[in-house]
Amino acid sequence: MRDDLNFLLTLLLGVALVVAFRRIRALEKRLRGLETEAQGTPGSRVPGQGAPMAPGGAAPRVPQAAPPDETPPIAAPRGDTRTGQAWRPAPFAAGQALRRVMDWLRANWIYPVAGTALIMAAIYLVQYSIEKGLLSPSARIALAVALGAVLIAGAEALRRRWGDGDSGARLVPATLAGAGVVALFSATLAALHLYAMLGQMGAFAMLAAIAALAMALGWVHGPLLAAIGVIGGSAAPFLLGGGTVPGAPVFGYFLILSWLGQGIDGYRRWGWVSVLAVTLPMAGGWLMSQAGGPGWALAAMALGIALPALALPGGTLIPQAEGPMLHRWRQARPSLTVLAGALAVLGALLAILSTVPAPANTLALGLLAAVLPLWTRRAPVFTSLALPVSAAIPLAVGASLITTPLFLSFVLNAATWNVIATLALSALAGAAMLWRSEADAAQRGFWGILAIATPGATAIAIELLWRPLSLLPVLWPFAVMALAGAAAAVALWAARRDAGQGARLGAAIVGAYTMIALAMTLLISDAALSLALAVLLVTAGAMDRRFDLPALGWILGLGAMAMGWRLMLVPGLGALIDGEVSTLDVWLTFVAVLAGPLGALALIRGLAPHPARDWGRVVTETALSASVPVVLIVIFARFLDGISAHAALGVEASVLIVLAWVQAQRAERLSSSRAMLWVRRILCWGLGIAAAFCLWIGAVILSPVFGFGFGSSVSGWPILNDLALAYAVPALLLWGALRRQGGKRGLLGRLMALALVGIWIATVIRHLWHGSAGMSLGAGFLQGELYAYTLALLAAGAVAMAVALRTGRHMIRVAGLALIGVAAAKAFLIDASGLSGLMRVGAFLGLGLSLVALAWLNAWVTARMPGGKDLPETPE
């Protein structure tokens, strides 16, 4: 019953297809008739019929046809290459493309349904023969192949009969051909997996041939067949089964498949087929590499797809695409051909960075960066791609640590040439970009900056991540100095070409300075390096003042950051405090860190505003402001015998507070993008939270008072000890950082600073009475210690009164009164229990006189505050 129903449904669908085809044919005839009538004019007549007779009975005057050169041109449809006119791709928008697809489906839904029905008919036919045992396996496969061949032949016959115009009837042959291709795919897979009639290589060859046939049919039947060929061809290697490791030929197969798809679409100009021909083979090759395929083959395939994809989808062998550059996609949508090229390049970058091991990854990306400026000379629309391609080289240096097993311990030692080869390819890419800057005047600054930044960033990444100095102690510093010399030569050349101005000159000078600084880090000691960086900053400021080179502001900013790196990380605060660095080197480092930025700021003072110069000024000012308290902290810590755990946390918290303040200042003063603004804000909050955590650990868990079993003894003299580093210095820095911050966050931060001051005063008093080793709460309280706390509370109340008078803030006066009240309550409830005799009398006499004096001070302050008035002498 089920088989009969399936047969009936298939028959009905076939009848519906025939009826639909006849109706479409009738509509086409009617449309052609209407178009013929519309081309005529209301007064037109057929030559020789009803035409007025000439005088004397002469033959009627027949109007002469217009000369050939006066015939109006006929607009060729999109994608017609027979007119000889240049073709410009239409802009691409994802929403419009989806809308066009939905509109097409609403108008032509019957064609995909018909194709699906034909495919299901073939499947059900094979299933019926299997269930009934009517045919042998060979006959079943032959029947499926014959059905596919008949459908394709019928489609070609219909196309030849009704042509390949843009009418709706063109979809009928495409539908039949698509169903035939799918039937051939299904027959091949059945022969492989169901009946084992084909081996893997034979099945792969058949699938590849069917995919090529589908793309060839797409040449004349439309994009649907070409898309089926690309999709089926990309899926073919994954449909074979088996657990063998993919070899290099499969990557060549994906490359050829991509070329065919791009080439066909380049002739027919559909656009979206090129997108499929780029993304699907690239994804297939990446999946094969994940299954164990060779990384170098993936890199070669990626480059082989990316570079032709910049030209073939546009119908040329050399990139000649036109339109706005890709980074302006918000103003003007790129065409599908441009989008295909961009996807190919970005896909190649992702595939190589994520999978390909060293040295193939750096070599491939260096080669791509060197070829891209030359290859896209006539296609400025792809200029924006140079930035991610250039950035990919230093990224690949870091990715090698992840994608290459045993890279630092074995691979880099076995292939030390990779260091110089990577740097040489980046320099070659810089030379190509420098040539492009001379050839492309509109983007001269962009290419000039990129030409210097690419080898410079690569050298810095190699030094930071690969550490090649131990492997190449002579050659590596020489290579870096060679880059510095090349940058200096470019600077001299750019000065002559650009009349002493321009981005190329500024970038070359910045690159030369940076490479000189990097070479000095490889050759000289820490203190000498700090002094050299200071001289570098002063020299950059002097050159900016003398020659008006605002691009040197980048050197000032980066140099100031390098100074902070030298102070806080390498050699770092620990080495400067603990004595790992000699005293002379410490003081030389301090002089360099403070004098270098200060001298540079003095030299550029008063110069005209410029984005680069202003950026360097702000970064240098904030770095210098942050370095001053850090230097003072280190100087104070070096005078102590040693630094305890709570003091170390206080120093770390102080540094974090300073760094958070630096990020807050830069976020406020620098006009950067919204993304960079959020990055600085997140850094500020993260550093602030880390500082608060360090302070909490130092004040509770590792405190010499509350840290039972975890706290350490205090180092230093009374008052001048490491308690100041633990609590007083962070409080002072926190108050200074938030002194202008309004709102609840500023108030909360200032209250935290006051709390730290209170902790510091309390611990100092306890240290005075108990000494360094007996500060734990387990030792109890001495009577004189309790009196000292009371006096401290009274003094704090008096200070609050004075501050209230100075600032005119009522809440501070109330806080001072609260402190005085706490001191009085403490005296009555706690201090009195330990006194007797004349000591008790004297203590309360002094307390009373102090409270009277403070009450008078409160009245005096209240009367002089804004809106205040004298307090009544007696209650009313």
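Cβ atoms here come from the backbone N, Cα and C positions, even for glycine.
Among the ranges 2-19, 272-289, 362-379, 524-541, the one that TrEMBL lists as transmembrane segment is 272-289. Of the candidate ranges 175-196, 203-232, 272-289, 551-574, 618-637, 272-289 contributes the most Cβ pairs within a distance under 8 Å of the transmembrane segment (336-353). Counting residues 6+ beyond its ends, the transmembrane segment (551-574) has Cβ neighbours under 8 Å at 503, 505-507, 509-510, 513-514, 517, 526, 529-530, 533-534, 536-537, 540-541, 543-544, 580-581, 589, 592-593, 596-597, 600, 604, 610, 612-620, 623-624, 626-627, 630-631, 634, 651, 655 in the same chain. Two recorded stretches are said to be in contact when at least 3 C-beta pairs lie under 8 angstroms, sequence spacing 6 or more; the transmembrane segment (295-315) and the transmembrane segment (272-289) meet this definition. Counted over residue pairs 6 or more apart, the CB atoms of the transmembrane segment (682-710) and the transmembrane segment (618-637) come under 8 Å in fewer than three pairs, which marks the two as apart.
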